[in-house]
Amino acid sequence: MASGKAAGKTDAPAPVIKLGGPKPPKVGSSGNASWFQAIKAKKLNTPPPKFEGSGVPDNENIKPSQQHGYWRRQARFKPGKGGRKPVPDAWYFYYTGTGPAADLNWGDTQDGIVWVAAKGADTKSRSNQGTRDPDKFDQYPLRFSDGGPDGNFRWDFIPLNRGRSGRSTAASSAAASRAPSREGSRGRRSDSGDDLIARAAKIIQDQQKKGSRITKAKADEMAHRRYCKRTIPPNYRVDQVFGPRTKGKEGNFGDDKMNEEGIKDGRVTAMLNLVPSSHACLFGSRVTPKLQLDGLHLRFEFTTVVPCDDPQFDNYVKICDQCVDGVGTRPKDDEPKPKSRSSSRPATRGNSPAPRQQRPKKEKKLKKQDDEADKALTSDEERNNAQLEFYDEPKVINWGDAALGENEL
(Lines of atoms letter the chains of each structure in order from A and count residues from 1; the text may use other names and numbers.)
(Lines give C-alpha, C1' and ligand atoms only; values in the text may rest on other atoms or scores of the structure.)
Protein backbone atom coordinates (compact mmCIF):
# COMPACT_ATOMS: atom_id res chain seq x y z
CA MET A 1 0.00 0.00 0.00
CA ALA A 2 1.24 3.49 -0.71
CA SER A 3 1.76 6.05 1.95
CA GLY A 4 0.18 9.46 1.98
CA LYS A 5 -1.71 11.76 4.29
CA ALA A 6 -5.46 11.93 4.52
CA ALA A 7 -7.51 14.18 6.77
CA GLY A 8 -9.18 12.62 9.82
CA LYS A 9 -9.03 9.23 11.43
CA THR A 10 -12.35 7.95 10.15
CA ASP A 11 -13.66 5.26 7.87
CA ALA A 12 -14.85 7.78 5.30
CA PRO A 13 -14.11 6.60 1.73
CA ALA A 14 -10.73 7.74 0.42
CA PRO A 15 -8.87 7.14 -2.83
CA VAL A 16 -7.01 3.86 -3.01
CA ILE A 17 -3.80 2.81 -4.71
CA LYS A 18 -2.80 -0.55 -6.12
CA LEU A 19 -3.26 -3.67 -4.07
CA GLY A 20 0.16 -4.77 -5.19
CA GLY A 21 1.93 -1.89 -3.43
CA PRO A 22 3.94 -2.12 -0.21
CA LYS A 23 2.49 -4.53 2.28
CA PRO A 24 0.66 -3.12 5.29
CA PRO A 25 2.39 -3.36 8.66
CA LYS A 26 2.23 -6.64 10.56
CA VAL A 27 1.23 -4.99 13.81
CA GLY A 28 -1.57 -2.66 14.77
CA SER A 29 -0.97 1.03 14.25
CA SER A 30 -2.21 4.06 16.17
CA GLY A 31 -5.43 4.07 14.13
CA ASN A 32 -8.23 1.54 14.42
CA ALA A 33 -9.83 1.78 10.99
CA SER A 34 -10.60 -0.97 8.51
CA TRP A 35 -8.16 -1.62 5.69
CA PHE A 36 -11.08 -1.66 3.25
CA GLN A 37 -13.74 0.75 2.09
CA ALA A 38 -17.23 0.14 3.43
CA ILE A 39 -20.28 -1.46 1.92
CA LYS A 40 -23.35 0.71 2.48
CA ALA A 41 -26.97 -0.27 2.95
CA LYS A 42 -29.38 1.22 0.45
CA LYS A 43 -32.17 1.72 2.99
CA LEU A 44 -32.62 2.27 6.70
CA ASN A 45 -33.03 -0.80 8.91
CA THR A 46 -31.53 -3.12 6.31
CA PRO A 47 -30.75 -6.62 7.69
CA PRO A 48 -27.10 -7.75 7.88
CA PRO A 49 -25.44 -8.50 4.54
CA LYS A 50 -25.33 -11.91 2.94
CA PHE A 51 -22.65 -12.81 0.42
CA GLU A 52 -22.70 -14.91 -2.74
CA GLY A 53 -19.18 -16.12 -2.03
CA SER A 54 -17.03 -16.12 1.07
CA GLY A 55 -17.56 -12.44 1.83
CA VAL A 56 -13.82 -11.88 2.36
CA PRO A 57 -12.44 -8.99 0.28
CA ASP A 58 -9.66 -9.83 -2.18
CA ASN A 59 -6.17 -9.12 -0.81
CA GLU A 60 -3.14 -10.74 -2.40
CA ASN A 61 -0.98 -9.72 0.56
CA ILE A 62 -2.77 -12.10 2.92
CA LYS A 63 -2.08 -15.83 3.18
CA PRO A 64 -5.04 -18.11 2.34
CA SER A 65 -5.11 -19.40 5.91
CA GLN A 66 -5.74 -15.88 7.23
CA GLN A 67 -8.56 -15.04 4.82
CA HIS A 68 -11.24 -14.73 7.49
CA GLY A 69 -12.73 -11.98 9.62
CA TYR A 70 -15.93 -10.08 10.32
CA TRP A 71 -18.08 -7.29 8.97
CA ARG A 72 -19.07 -4.73 11.62
CA ARG A 73 -22.06 -2.43 11.45
CA GLN A 74 -21.39 1.32 11.76
CA ALA A 75 -24.40 3.57 12.37
CA ARG A 76 -24.30 6.79 10.36
CA PHE A 77 -26.00 10.14 10.78
CA LYS A 78 -26.25 13.45 8.97
CA PRO A 79 -27.03 16.88 10.42
CA GLY A 80 -30.55 18.19 9.90
CA LYS A 81 -33.14 20.50 11.31
CA GLY A 82 -33.83 19.62 14.91
CA GLY A 83 -30.72 17.48 15.26
CA ARG A 84 -28.95 14.70 13.42
CA LYS A 85 -30.88 12.21 11.31
CA PRO A 86 -29.99 8.55 10.69
CA VAL A 87 -28.88 7.38 7.26
CA PRO A 88 -28.40 3.77 6.06
CA ASP A 89 -25.69 1.85 7.92
CA ALA A 90 -22.18 1.19 6.68
CA TRP A 91 -20.39 -2.12 7.23
CA TYR A 92 -16.58 -2.42 7.55
CA PHE A 93 -14.43 -5.53 7.28
CA TYR A 94 -11.78 -6.46 9.87
CA TYR A 95 -9.59 -9.52 10.06
CA THR A 96 -10.18 -11.85 13.01
CA GLY A 97 -8.42 -10.59 16.12
CA THR A 98 -8.24 -6.97 14.92
CA GLY A 99 -10.45 -3.91 15.05
CA PRO A 100 -13.23 -3.00 17.50
CA ALA A 101 -14.11 -6.68 18.09
CA ALA A 102 -10.52 -7.89 18.44
CA ASP A 103 -11.33 -9.79 21.64
CA LEU A 104 -13.87 -12.05 19.90
CA ASN A 105 -13.05 -15.44 18.46
CA TRP A 106 -14.25 -16.29 14.98
CA GLY A 107 -17.95 -17.19 15.13
CA ASP A 108 -18.76 -15.56 18.49
CA THR A 109 -22.26 -14.10 18.45
CA GLN A 110 -22.57 -10.34 18.80
CA ASP A 111 -25.08 -7.85 17.47
CA GLY A 112 -23.83 -6.00 14.40
CA ILE A 113 -21.16 -8.61 13.60
CA VAL A 114 -21.19 -10.93 10.55
CA TRP A 115 -18.41 -13.53 10.37
CA VAL A 116 -16.97 -14.60 7.00
CA ALA A 117 -14.20 -16.95 5.89
CA ALA A 118 -12.68 -18.02 2.59
CA LYS A 119 -12.29 -21.64 1.59
CA GLY A 120 -9.29 -23.18 3.35
CA ALA A 121 -9.00 -20.43 5.97
CA ASP A 122 -7.92 -21.36 9.50
CA THR A 123 -10.62 -19.65 11.55
CA LYS A 124 -8.93 -20.63 14.83
CA SER A 125 -5.96 -18.44 14.01
CA ARG A 126 -5.84 -14.73 14.73
CA SER A 127 -4.57 -12.22 12.23
CA ASN A 128 -1.43 -10.15 12.70
CA GLN A 129 -2.61 -7.76 10.01
CA GLY A 130 -3.50 -5.01 12.46
CA THR A 131 -5.72 -2.08 11.55
CA ARG A 132 -5.23 0.99 9.41
CA ASP A 133 -3.98 4.42 10.46
CA PRO A 134 -5.84 6.82 8.14
CA ASP A 135 -3.00 9.33 8.47
CA LYS A 136 -0.57 6.86 6.90
CA PHE A 137 -2.54 4.49 4.70
CA ASP A 138 -5.40 4.69 2.24
CA GLN A 139 -8.28 2.27 2.04
CA TYR A 140 -8.15 -0.82 -0.14
CA PRO A 141 -10.77 -0.86 -2.91
CA LEU A 142 -13.29 -3.65 -2.43
CA ARG A 143 -13.15 -6.56 -4.85
CA PHE A 144 -14.88 -9.94 -4.44
CA SER A 145 -13.59 -12.66 -6.75
CA ASP A 146 -16.29 -15.11 -5.68
CA GLY A 147 -19.27 -12.77 -5.33
CA GLY A 148 -20.09 -9.71 -3.28
CA PRO A 149 -22.91 -8.72 -0.90
CA ASP A 150 -26.60 -9.09 -1.64
CA GLY A 151 -28.60 -6.49 -3.52
CA ASN A 152 -29.43 -4.46 -0.42
CA PHE A 153 -25.89 -3.07 -0.37
CA ARG A 154 -23.61 -1.02 -2.58
CA TRP A 155 -20.09 0.38 -2.47
CA ASP A 156 -18.28 3.20 -4.21
CA PHE A 157 -16.14 2.09 -7.10
CA ILE A 158 -12.44 2.98 -6.79
CA PRO A 159 -10.10 2.05 -9.69
CA LEU A 160 -7.20 -0.21 -8.78
CA ASN A 161 -4.68 1.92 -10.67
CA ARG A 162 -5.60 5.23 -9.09
CA GLY A 163 -2.76 6.71 -7.08
CA ARG A 164 -2.27 9.78 -4.94
CA SER A 165 0.25 12.50 -5.67
CA GLY A 166 0.06 14.35 -2.39
CA ARG A 167 -2.32 16.17 -0.14
CA SER A 168 -3.45 18.63 -2.82
CA THR A 169 -5.25 15.90 -4.77
CA ALA A 170 -6.84 14.19 -1.81
CA ALA A 171 -10.10 16.13 -1.89
CA SER A 172 -10.66 15.76 -5.61
CA SER A 173 -9.71 12.09 -5.54
CA ALA A 174 -12.05 11.41 -2.64
CA ALA A 175 -14.87 13.16 -4.44
CA ALA A 176 -14.20 11.10 -7.53
CA SER A 177 -14.13 7.90 -5.52
CA ARG A 178 -17.56 8.65 -4.10
CA ALA A 179 -19.09 9.40 -7.49
CA PRO A 180 -21.06 6.67 -9.31
CA SER A 181 -18.80 4.83 -11.70
CA ARG A 182 -19.57 4.06 -15.33
CA GLU A 183 -17.20 1.12 -15.20
CA GLY A 184 -18.03 -2.33 -13.95
CA SER A 185 -16.17 -4.00 -11.13
CA ARG A 186 -15.53 -7.63 -10.48
CA GLY A 187 -18.09 -8.86 -8.01
CA ARG A 188 -20.41 -5.89 -8.54
CA ARG A 189 -23.95 -7.17 -8.48
CA SER A 190 -26.15 -7.05 -11.55
CA ASP A 191 -28.87 -5.05 -9.82
CA SER A 192 -26.69 -1.93 -9.64
CA GLY A 193 -28.89 -0.59 -12.44
CA ASP A 194 -31.88 -0.84 -10.11
CA ASP A 195 -29.97 1.18 -7.54
CA LEU A 196 -29.21 3.83 -10.14
CA ILE A 197 -32.87 3.97 -11.16
CA ALA A 198 -33.94 4.31 -7.54
CA ARG A 199 -31.49 7.16 -7.01
CA ALA A 200 -32.64 8.84 -10.22
CA ALA A 201 -36.27 8.55 -9.11
CA LYS A 202 -35.39 10.17 -5.79
CA ILE A 203 -33.64 13.03 -7.58
CA ILE A 204 -36.72 13.59 -9.74
CA GLN A 205 -38.97 13.54 -6.68
CA ASP A 206 -36.75 16.07 -4.93
CA GLN A 207 -36.80 18.30 -7.99
CA GLN A 208 -40.57 18.10 -8.15
CA LYS A 209 -40.84 19.09 -4.49
CA LYS A 210 -38.60 22.08 -5.14
CA GLY A 211 -40.08 22.82 -8.55
CA SER A 212 -41.55 26.15 -7.48
CA ARG A 213 -38.17 27.39 -6.26
CA ILE A 214 -36.71 28.51 -9.56
CA THR A 215 -34.06 31.14 -9.01
CA LYS A 216 -33.72 34.16 -11.24
CA ALA A 217 -30.44 32.80 -12.59
CA LYS A 218 -32.01 29.41 -13.36
CA ALA A 219 -34.97 31.04 -15.11
CA ASP A 220 -32.60 33.13 -17.21
CA GLU A 221 -30.64 30.01 -18.14
CA MET A 222 -33.85 28.18 -19.13
CA ALA A 223 -34.84 31.05 -21.40
CA HIS A 224 -31.47 31.59 -23.08
CA ARG A 225 -30.01 28.12 -23.60
CA ARG A 226 -29.73 26.70 -27.13
CA TYR A 227 -32.95 27.57 -28.98
CA CYS A 228 -34.12 23.99 -29.52
CA LYS A 229 -33.68 23.21 -25.79
CA ARG A 230 -35.35 26.28 -24.30
CA THR A 231 -38.29 26.13 -21.92
CA ILE A 232 -40.49 28.98 -20.74
CA PRO A 233 -39.85 29.80 -17.05
CA PRO A 234 -42.63 31.12 -14.79
CA ASN A 235 -43.51 34.79 -15.29
CA TYR A 236 -41.91 34.87 -18.75
CA ARG A 237 -43.74 35.82 -21.94
CA VAL A 238 -43.56 33.50 -24.92
CA ASP A 239 -41.86 36.13 -27.09
CA GLN A 240 -39.18 36.64 -24.42
CA VAL A 241 -38.04 33.07 -24.99
CA PHE A 242 -39.03 32.17 -28.57
CA GLY A 243 -39.37 35.55 -30.22
CA PRO A 244 -42.40 37.41 -31.62
CA ARG A 245 -45.42 35.44 -32.82
CA THR A 246 -45.89 35.39 -36.58
CA LYS A 247 -48.34 34.18 -39.20
CA GLY A 248 -47.71 31.55 -41.82
CA LYS A 249 -44.18 30.59 -40.77
CA GLU A 250 -42.17 29.28 -37.83
CA GLY A 251 -43.30 30.78 -34.54
CA ASN A 252 -46.96 31.00 -35.57
CA PHE A 253 -48.50 29.37 -32.49
CA GLY A 254 -49.97 31.49 -29.72
CA ASP A 255 -52.47 34.33 -29.51
CA ASP A 256 -51.87 37.51 -27.54
CA LYS A 257 -53.24 36.05 -24.31
CA MET A 258 -50.96 33.01 -24.48
CA ASN A 259 -48.01 35.20 -25.42
CA GLU A 260 -48.56 37.40 -22.36
CA GLU A 261 -49.27 34.65 -19.81
CA GLY A 262 -46.76 32.04 -20.97
CA ILE A 263 -47.09 28.78 -19.07
CA LYS A 264 -49.82 30.23 -16.86
CA ASP A 265 -52.19 29.86 -19.82
CA GLY A 266 -53.86 26.47 -19.33
CA ARG A 267 -53.99 25.91 -23.07
CA VAL A 268 -50.20 25.53 -23.07
CA THR A 269 -50.39 22.54 -20.72
CA ALA A 270 -53.16 20.99 -22.79
CA MET A 271 -51.28 21.33 -26.07
CA LEU A 272 -48.02 20.02 -24.62
CA ASN A 273 -49.82 16.69 -24.35
CA LEU A 274 -49.75 16.54 -28.16
CA VAL A 275 -46.15 17.66 -28.62
CA PRO A 276 -43.74 14.80 -29.51
CA SER A 277 -40.99 13.78 -27.15
CA SER A 278 -37.36 14.21 -28.19
CA HIS A 279 -37.13 10.54 -29.23
CA ALA A 280 -40.45 10.66 -31.07
CA CYS A 281 -39.38 13.81 -32.89
CA LEU A 282 -36.06 12.29 -33.92
CA PHE A 283 -37.22 8.81 -34.92
CA GLY A 284 -40.83 9.52 -35.90
CA SER A 285 -40.26 12.62 -38.01
CA ARG A 286 -39.32 13.18 -41.57
CA VAL A 287 -35.86 14.67 -41.07
CA THR A 288 -34.52 16.97 -43.77
CA PRO A 289 -30.95 18.28 -43.42
CA LYS A 290 -29.84 21.27 -45.44
CA LEU A 291 -26.50 23.04 -45.52
CA GLN A 292 -26.76 26.81 -45.35
CA LEU A 293 -24.19 29.57 -45.15
CA ASP A 294 -24.70 29.84 -41.38
CA GLY A 295 -24.57 26.09 -40.73
CA LEU A 296 -26.57 22.87 -40.91
CA HIS A 297 -30.35 23.30 -40.82
CA LEU A 298 -32.41 20.31 -39.66
CA ARG A 299 -36.13 20.24 -40.35
CA PHE A 300 -38.37 17.83 -38.41
CA GLU A 301 -41.84 17.12 -39.80
CA PHE A 302 -44.04 15.25 -37.33
CA THR A 303 -47.77 14.57 -37.27
CA THR A 304 -49.78 14.00 -34.11
CA VAL A 305 -53.26 12.54 -34.70
CA VAL A 306 -56.08 13.31 -32.27
CA PRO A 307 -58.89 10.80 -32.90
CA CYS A 308 -62.35 12.22 -33.51
CA ASP A 309 -63.70 10.23 -30.57
CA ASP A 310 -61.15 11.72 -28.17
CA PRO A 311 -63.06 13.33 -25.26
CA GLN A 312 -61.04 16.52 -25.74
CA PHE A 313 -61.18 16.60 -29.53
CA ASP A 314 -63.35 19.73 -29.65
CA ASN A 315 -61.16 21.51 -27.13
CA TYR A 316 -58.01 20.79 -29.13
CA VAL A 317 -59.70 22.05 -32.28
CA LYS A 318 -60.77 25.19 -30.47
CA ILE A 319 -57.26 25.88 -29.18
CA CYS A 320 -55.80 25.40 -32.65
CA ASP A 321 -58.37 27.80 -34.10
CA GLN A 322 -57.38 30.36 -31.49
CA CYS A 323 -53.61 29.95 -31.48
CA VAL A 324 -52.44 28.91 -34.95
CA ASP A 325 -51.62 32.22 -36.65
CA GLY A 326 -53.23 33.76 -33.58
CA VAL A 327 -50.98 36.79 -33.21
CA GLY A 328 -53.03 39.95 -32.76
CA THR A 329 -56.10 38.10 -31.46
CA ARG A 330 -57.45 37.02 -28.09
CA PRO A 331 -59.93 34.33 -27.06
CA LYS A 332 -63.51 35.54 -27.31
CA ASP A 333 -64.07 34.75 -23.64
CA ASP A 334 -61.03 36.80 -22.59
CA GLU A 335 -62.94 40.05 -22.16
CA PRO A 336 -62.07 42.43 -19.31
CA LYS A 337 -64.40 41.95 -16.37
CA PRO A 338 -66.04 45.01 -14.79
CA LYS A 339 -64.51 46.00 -11.49
CA SER A 340 -66.59 45.00 -8.50
CA ARG A 341 -67.95 47.86 -6.44
CA SER A 342 -66.94 48.12 -2.82
CA SER A 343 -69.71 47.04 -0.47
CA SER A 344 -68.53 49.61 2.07
CA ARG A 345 -69.56 52.59 -0.04
CA PRO A 346 -72.92 54.12 0.88
CA ALA A 347 -75.66 53.59 -1.66
CA THR A 348 -76.25 56.60 -3.86
CA ARG A 349 -78.10 57.11 -7.06
CA GLY A 350 -74.86 56.49 -8.92
CA ASN A 351 -73.98 53.16 -7.27
CA SER A 352 -77.38 51.93 -6.12
CA PRO A 353 -78.10 48.27 -6.88
CA ALA A 354 -81.56 49.24 -8.11
CA PRO A 355 -81.88 49.11 -11.90
CA ARG A 356 -81.77 52.41 -13.67
CA GLN A 357 -84.83 53.60 -15.45
CA GLN A 358 -84.33 53.01 -19.14
CA ARG A 359 -85.25 55.61 -21.68
CA PRO A 360 -87.31 54.47 -24.64
CA LYS A 361 -85.17 53.63 -27.65
CA LYS A 362 -85.54 55.50 -30.90
CA GLU A 363 -85.74 52.51 -33.16
CA LYS A 364 -85.75 54.27 -36.51
CA LYS A 365 -82.82 56.52 -35.74
CA LEU A 366 -80.70 53.68 -34.34
CA LYS A 367 -81.43 51.46 -37.29
CA LYS A 368 -80.39 54.19 -39.64
CA GLN A 369 -77.10 54.59 -37.77
CA ASP A 370 -76.52 50.82 -37.84
CA ASP A 371 -77.14 50.68 -41.56
CA GLU A 372 -74.64 53.45 -42.14
CA ALA A 373 -72.05 51.70 -39.98
CA ASP A 374 -72.60 48.40 -41.79
CA LYS A 375 -71.89 50.04 -45.10
CA ALA A 376 -68.45 51.07 -43.82
CA LEU A 377 -67.49 47.52 -42.70
CA THR A 378 -65.43 45.13 -44.80
CA SER A 379 -66.46 41.51 -45.24
CA ASP A 380 -63.86 40.37 -42.69
CA GLU A 381 -65.12 42.87 -40.14
CA GLU A 382 -68.70 41.76 -40.69
CA ARG A 383 -67.68 38.14 -40.11
CA ASN A 384 -65.81 39.06 -36.92
CA ASN A 385 -68.74 41.09 -35.65
CA ALA A 386 -71.06 38.18 -36.28
CA GLN A 387 -68.82 35.88 -34.24
CA LEU A 388 -68.68 38.34 -31.39
CA GLU A 389 -72.42 38.85 -31.41
CA PHE A 390 -73.54 35.24 -31.65
CA TYR A 391 -70.65 33.41 -29.97
CA ASP A 392 -72.39 31.45 -27.21
CA GLU A 393 -69.87 28.74 -26.25
CA PRO A 394 -69.14 28.42 -22.52
CA LYS A 395 -66.33 30.60 -21.23
CA VAL A 396 -65.00 27.87 -18.91
CA ILE A 397 -63.59 24.79 -20.63
CA ASN A 398 -64.11 21.56 -18.71
CA TRP A 399 -61.06 19.51 -19.62
CA GLY A 400 -62.19 16.45 -17.71
CA ASP A 401 -59.98 13.51 -16.87
CA ALA A 402 -58.77 12.96 -20.43
CA ALA A 403 -57.18 16.36 -20.95
CA LEU A 404 -53.81 14.83 -20.25
CA GLY A 405 -52.84 11.22 -20.67
CA GLU A 406 -52.34 9.18 -17.52
CA ASN A 407 -48.57 9.11 -17.95
CA GLU A 408 -48.11 12.39 -19.78
CA LEU A 409 -46.24 15.46 -18.56
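Counting starts with 1 at the first residue shown.
Each residue, glycine too, has its Cβ placed from N, Cα and C.
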Phosphoserine: annotated position in Swiss-Prot, out of SER30, SER145, SER379: SER379
For the region 'Dimerization' (226-333), the number of residues DSSP places in helix, strand and coil: 42 helix, 16 strand, 50 coil
Positions whose Cβ lies under 8 angstroms from the compositional bias 'Basic residues' (70-84), at least six residues beyond its ends: 11, 38-39, 48-49, 55, 90-94, 96, 99-101, 104, 106, 112-116
For the region 'RNA-binding' (29-160), the mean pLDDT of the predicted model: 88
